[in-house]
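Peer 1: Here it is, the structure, as structure tokens.
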Amino acid sequence: MRIILLGAPGAGKGTQAQFIMEKYGIPQISTGDMLRAAVKSGSELGKQAKDIMDAGKLVTDELVIALVKERIAQEDCRNGFLLDGFPRTIPQADAMKEAGIVVDYVLEFDVPDELIVDRIVGRRVHAASGRVYHVKFNPPKVEGKDDVTGEDLTTRKDDQEETVRKRLVEYHQMTAPLIGYYQKEAEAGNTKYAKVDGTQAVADVRAALEKILG
């Protein structure tokens, strides 16, 4: 089962990716992890990636596709894989197709921007333990304080409204066009496309995914 997850940051992909990996026994492939592993292994592709990154440049789509092909040929991908955060653009999706990488399901997590902002901006963190709260959905017993230690909770820089809105704009400009791309691919019979209502409770989203993936 070869799956691509699409959806804005904060749409709940990470939580459900974990569930899909455990339920279907497939690894999650993140391009960041893959690049780091390739550089560490010192493979030919890894050396190329290191040279580009050391020069402060972005790794080319061709190189990332070559790394994806190398990664999905490994034993743990025998039953499939889960791609999250790639492809990000239509040229990357085209390059994947040209490289012969077949995808069985493209799952879009649909959540309105305002709810995403609400979800992320309301997060509060106890830095020392990693405990995460939410002012609305999972508040601490005492406002602004960790339940266990009573220490102050903080907001991560990534969770500030300005940062979240900027990431959403980037997502809509770069990645959202992939939705139309993969819907057309599904119409042509090259993959299956499903939109998942990400506003539901975690268990309901999970049930919807099980229904789609079988």
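Including glycine, each Cβ sits where the backbone N, Cα and C put it.
Pulled the feature table from Swiss-Prot, pasting it below:
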- Gly10, Ala11, Gly12, Lys13, Gly14, Thr15, Arg123, Val132, Tyr133, Gln200: ATP binding site (BINDING)
- 30-59: region 'NMP' (REGION)
- Thr31, Arg36, Lys57, Leu58, Val59, Gly85, Phe86, Pro87, Arg88, Gln92, Arg156, Arg167: AMP binding site (BINDING)
- 122-159: region 'LID' (REGION)
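Give me the structural setting of these features: burial, nearby parts and distances.
Peer 2: Long-range neighbours of Tyr133 (ATP binding site) (same chain, six or more residues apart, CB within less than 8 Å of its CB): Arg123, Arg124, Val125, His126, Pro139, Pro140, Leu153.
Within its own chain, the region 'NMP' (30-59) is flanked in space by residues 66-68, 70-71, 84-86, which lie at least six positions past its ends and keep a Cβ under 8 Å from the stretch.
Within 10 Å of the C-beta of Arg156 (AMP binding site) there are 13 other C-beta atoms, taking all protein chains into account. Under the three-state DSSP scheme, Arg156 (AMP binding site) falls in the coil class.
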Peer 1: Taking the Cβ of Arg88 (AMP binding site) as the centre, count every other Cβ atom within 10 Å, in any protein chain shown.
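Peer 2: The answer is 17.
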Peer 1: Around the Cβ of Thr31 (AMP binding site), how many other Cβ atoms lie within 10 Å? Please give the count over every shown protein chain.
Peer 2: 19
Peer 1: I'm trying to understand the geometry here, so how far is the Cα atom of Phe86 (AMP binding site) from the Cα atom of Gly14 (ATP binding site), in Å to the nearest whole number?
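Peer 2: Distance between the two Cα atoms comes out at 14 Å.
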